[in-house]
Amino acid sequence: MTIAIGKSSKQPQGLFDSMDDWLRRDRFVFVGWSGLLLFPCAYFALGGWLTGTTFVTSWYTHGLASSYLEGCNFLTAAVSTPANSLAHSLLLLWGPEAQGDFTRWCQLGGLWAFVAFHGAFGLIGFMLRQFEIARSVGLRPYNAIAFTGPIAVFVSVFLIYPLGQSGWFFAPSFGVAAIFRFILFFQGFHNWTLNPFHMMGVAGVLGAALLCAIHGATVENTIFEDGDGANTFRAFNPTQSEETYSMVTANRFWSQIFGVAFANKRWLHFFMLFVPVTGLWMSAIGVVGLALNLRAYDFVSQEIRAAEDPEFETFYTKNILLNEGIRAWMAAQDQPHENLVFPEEVLPRGNAL
């Protein structure tokens, strides 16, 4: 038997080591250093949104009812943006606008700024959480990299776009119908659907949905052998003890369908990662361009010919007229403080009139 004589080699832990040990301890819900950012920000963002949609009116900022208390439902309630006159103020509760008055702060739109900033940092915290856990268990950080796509879209739409405009007023309010209205605004004032970055974003998101459906169906088709049971859903009730997934079989199937197929699993799954993330990033870049009022495609020759020839019209010229109508109606409706009055002769009409 060996007896060790002397002092223990274990050194007392410092504050940082103690915190690191507690934060990264194996537990049912991992906390981690990223949790110090994620959990408070997510809690405040969600709590602010629930508070705003339940109790807070948009009468003082938009002239609208926007809460359950006023009769809205889940689709029409929203936490609306601050008034246009407040420009890019951070709208701190203790700031010069609200001066510590919580009711006034809510009336001015302070909850929108509260939810937007805490939401942005909450998303960043969630990305860091994926990175931290991946590092702990020895995975590559591709999940965290993929999540930069949603973060880029959120930050560009809710923060960068209004920063390029005259104020937070022009950001989307946090609500379903409010987001739909913002999309109509984007189309009318920026011709967003004809923007090449929007086109790349649509291709990325819908392409990713197609890839996901194809991949799921292919794996489901090849993961188990068919049995003899007359059950339509026998694939979900396998009698095998082990999976029989075959990349070779899947490759042969798609080679016959398209003439080409992915050669290996790594390239296949990288492509499924690349398509949606690139689409989201392209959309985010496009929104940053809109913040600077960069224009989409303009087919001026068609517009000139349509103006000269009442019988000439294309889908493009019809959409341009539609955009003019959206602008003429939404500008006066959404910005009553501007007292916009358009004479009838400038309102859009069809080319044949």
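Cβ atoms are placed via backbone N, Cα and C, with glycine included.
In Swiss-Prot, the annotation transmembrane segment applies to 208-228, one of the ranges 19-39, 208-228, 313-333. Within its own chain, the transmembrane segment (125-141) has Cβ neighbours under 8 Å at 24, 30, 32-35, 37-39, 41-42, 147-148, 151, counting only residues six or more beyond its boundaries. Sequence-distant neighbours of the transmembrane segment (153-166) (same chain, 6+ residues past either end, Cβ-Cβ under 8 Å): 81, 84, 87-88, 116, 119-120, 123, 172, 280, 283-285, 287-288, 290-293. Distant neighbours of the transmembrane segment (279-295): 148-150, 152-153, 155-157, 160-165, 186, 190-192, 195-198, 200-205, 207-208; these residues of the same chain sit at least 6 beyond its ends, with a Cβ under 8 Å from one of its Cβ atoms. Here the CA atom of HIS269 (Fe cation binding site) lies 24 Å from the CA atom of HIS198 (chlorophyll a PD2 binding site). The two recorded residues PHE262 (plastoquinone binding site) and HIS269 (Fe cation binding site) have their Cα atoms spaced 10 Å from each other.
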